[in-house]
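According to Swiss-Prot, the ATP binding site annotation covers LYS12, LEU13, SER14, GLY15, GLY56, ARG60, THR163, TYR169, ASP172. Residues annotated as region 'Involved in allosteric activation by GTP' in Swiss-Prot: 21-26. If you look up Swiss-Prot, you'll see GLY55, ASP75, THR136, GLY137, ASN138, PRO139, TYR140, PHE141, SER142, THR143 marked as UMP binding site.
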Amino acid sequence: MSEPKYKRILLKLSGEALAQGEQGFGVDPTRVHEIAAEIAEVHRLGVDIGVVVGGGNFFRGVAEQAKDMDRVSADHMGMLATVMNSLAVQDALEKQNVQCRVMSAIEIFQVAEPFIRRRAMRHLEKGRVVIFAAGTGNPYFSTDTAASLRAAEIKADVIMKATKVDGIYDADPHKVADATMFAQITYMDVLKKGLRVMDATAISLCQENRLPIVVFNLNERGNIQRVVMGEAVGSLVSA
């Protein structure tokens, strides 16, 4: 079997990926176990894996539901949502016999380790999957930005952003039938065109640190491994 193209990855999952259906709420155990099985397959290839999970299946600080709330309080609720999701993914991975640690950007000692970069690096070197919870630990920063930050900190080779579409399009493919998908695009073009890949802060952080981003469809079974092996899956964002 050929060698993986990427030796260390940061996988970004949306909270909605763990839920059932389009507008799913909460965690669907079957879906979480399907995702964990795919991560476990990649882990068995000897790839170092960091994971960042969003919290949108429980609460989103910038969403309509939070419009009358203080933004900082809303973002803190979103961070706690990511902790719940991280624990769900950890449990599913452990059932796949994958050693796993949740590291939280906010102190929550009873359920997760605090994020300490050197300790995270040690876990990865020991072959453990590390799930980074609670975003950056600061309000006003998205979990996409947290993914970019953690990827830079652990010296990941790539950020793999799992979505419900095949890649990056010039328009919403669910609304525009003839939307065109980009096989490859630069950071600057993503920013100039206002493409909703990640927020501008996350994209800029990747650009500064020369971190490629692969946007791919998580609903296509086996895509995580295909991306890791370097197959032409999804859209690549690079310099």
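Glycine is no exception: its Cβ is also placed from the backbone N, Cα and C atoms.
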For SER142 (UMP binding site): intrachain residues, at least 6 apart, with Cβ closer than 8 Å:
GLY135, MET198, ASP199, THR201, ALA202
SER14 (ATP binding site) versus GLY55 (UMP binding site) - Cα distance in angstrom:
7
What count of other C-beta atoms do you get within 10 angstroms of the C-beta of THR136 (UMP binding site), across all chains shown?
22
Going along the chain, which residues six or more apart from LYS12 (ATP binding site) have their CB under 8 A from its CB?
VAL51, VAL52, GLY54, THR143, ASP144, ALA147, ILE159, MET160, LYS161, ALA162
Which has the fewest other CB atoms in a 10 Å radius around its CB: SER14, ASN138, THR163, the listed binding-site residues?
ASN138
Sorted by sequence, non-GLY55, ASP75, THR136, GLY137, ASN138, PRO139, TYR140, PHE141, SER142, THR143 residues with Cβ within 8 Å of centre, UMP:
GLY61, GLY78, MET79, GLY135, THR145, ALA146
For the C-alpha pair, I'd like the distance in angstrom between THR163 (ATP binding site) and THR136 (UMP binding site), rounded off.
21
Rounded to a whole angstrom, what is the largest C-alpha distance between any two of the residues GLY55, ASP75, THR136, GLY137, ASN138, PRO139, TYR140, PHE141, SER142, THR143 that the record assigns to UMP?
14
Cβ neighbour count (within 10 Å, all chains shown) around ASP172 (ATP binding site):
10
Radius 10 Å, atoms counted are CB only; among the binding-site residues GLY55, GLY56, TYR140, which position scores highest?
GLY55
